[in-house]
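Trainee: Would you mind keeping the following structure in view while I ask a few things?
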Amino acid sequence: MTPDSLDGNAYPVAGAILPGPLLAIESSCDETACAILAPDGRVLAERLVSQEAHAAFGGVVPEIAARAHLALLPDLAGKTLESSGLARGDLAAVAASTGPGLIGGLIVGASFGKGLAIALGKPFIAINHIEAHALSARLPGVSDGQIGFPFLLLLVSGGHCQCLAVEGVGQYRRLGGTIDDAAGEAFDKVAKMLGLGWPGGPALERLAREGDPAAFALPRPLKGRAGCDFSFSGLKTAIARQLEPFGFAALPRQVAADLAASFQQAVADVIEDRATHALAMMERPTALVAAGGVAANTVLRERLTALAAAHGLPFVAPPLRLCTDNAVMVGWAALEICREATRLGLPVPDDRATRPRPRWPLGEMAERFAVG
Ligand code: KG4
Ligand code: ZN
């Protein structure tokens, strides 16, 4: 991790936002993370621990995650502050993901953040985790210039799979999403069937390089259908069917590689099709943005780059460490919210009364800026 890698790429953010830096906390799933951002978005320090205890279970265990956040967070926050060279009293605000996500972890992060904010007498800003992913493309240094509104966000991770029209800060329209598994979940489950470790996406992509993407005729669920919903469970079942003849016998490596490549191709075909539909559902989008762990997939990135180019749009995917769960995006979302509040003549929000929520629809985010 390079804490200051975004230094020098900041652009000045118009308007008075915060009188000093803020501390941001992310604890909604299995990453425990802290970051300190200057009011202009410069990253002064960041620290992240990807909890490893879940690998043995082949997926995130909520109770283990919550306990790990509790054990890790105080020290991580202290070390982040230390590496920023700041003192606690220099902080102007504290922000934390308060939903959606695994409730145990959210409670840990939000309680820690609120406690610190109260002790410092500074505002606490509650951040919607999906909103943080959505705005991360606007982080200084992520694209050549700042991405304007509206843009299409394709959020594809282990827990999320949706198309969002990002029309402004607090203005999000869900265009479609998965009706069963998330894209990353499908990668993980298929990887498990092929005998690969967890998380399976990166391992499956590596194996797929040795395979023929046309070797197996797999379905393309919902491809060509109106709207931009996703479905991956049929694809998973199709892979299971291809594996039946092998029973308990070891799967020949070439067959596994061909299956991996064919699966990856099918997922890329589906996501490209769904993104095409989503673009058609928007008026004058300014960019195609992808975020979430699956956006790290090279085949998918190539497809989306070509799709965006065909629409005369830039394709933006934050670097992997900002695509997956992190605290920098949480801090950035807090700054965007403060800036929007300032623009509307509203005070910097203080969300001490906001409770963590396992579900928190993005449609509710506009309420923060409702005047009167
Ligand atoms: O965003 P993320 O780190 O965590 C959340 O789910 O919130 O995403 C992790 C997911 C996992 O399902 C992982 O298998 C998948 O992203 N993933 C990939 C790749 N890298 C990570 N899937 C396909 N290809 C990859 N290269
Ligand atoms: Zn996430």
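Using N, Cα and C of the backbone, Cβ positions are placed for all residues, glycine too.
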Trainee: Looking at TrEMBL, which one out of D269, D273, D325 binds Fe cation in the same site as H129, H133?
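Mentor: TrEMBL names D325 for this Fe cation site.
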Trainee: Which of these, N297, N326, does TrEMBL say binds substrate at the same site as L155, V156, S157, G158, G159, D188, G201, E205?
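Mentor: The one candidate that TrEMBL places in that substrate site: N297.
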Trainee: Identify, in sequence order, the residues in the chain of S157 (substrate binding site) that are 6 or more apart from it along the sequence and have a CB within less than 8 Å of its CB; answer 'none' if there are none.
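Mentor: S157 (substrate binding site) has long-range Cβ partners H133, A182, A183, G184, A291, G292, G293, V294, T324, D325.
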Trainee: At the level of the C-alpha atoms, what whole-angstrom distance separates H129 (Fe cation binding site) and G159 (substrate binding site)?
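Mentor: Between the Cα atoms of H129 (Fe cation binding site) and G159 (substrate binding site), the distance comes to 11 Å.
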Trainee: Within 10 Å of its Cβ, which one of these binding-site residues (G159, G201) has the largest number of other Cβ atoms?
Mentor: G201
Trainee: Can you count the other CB atoms that lie within 10 A of the CB of L155 (substrate binding site)?
Mentor: 23
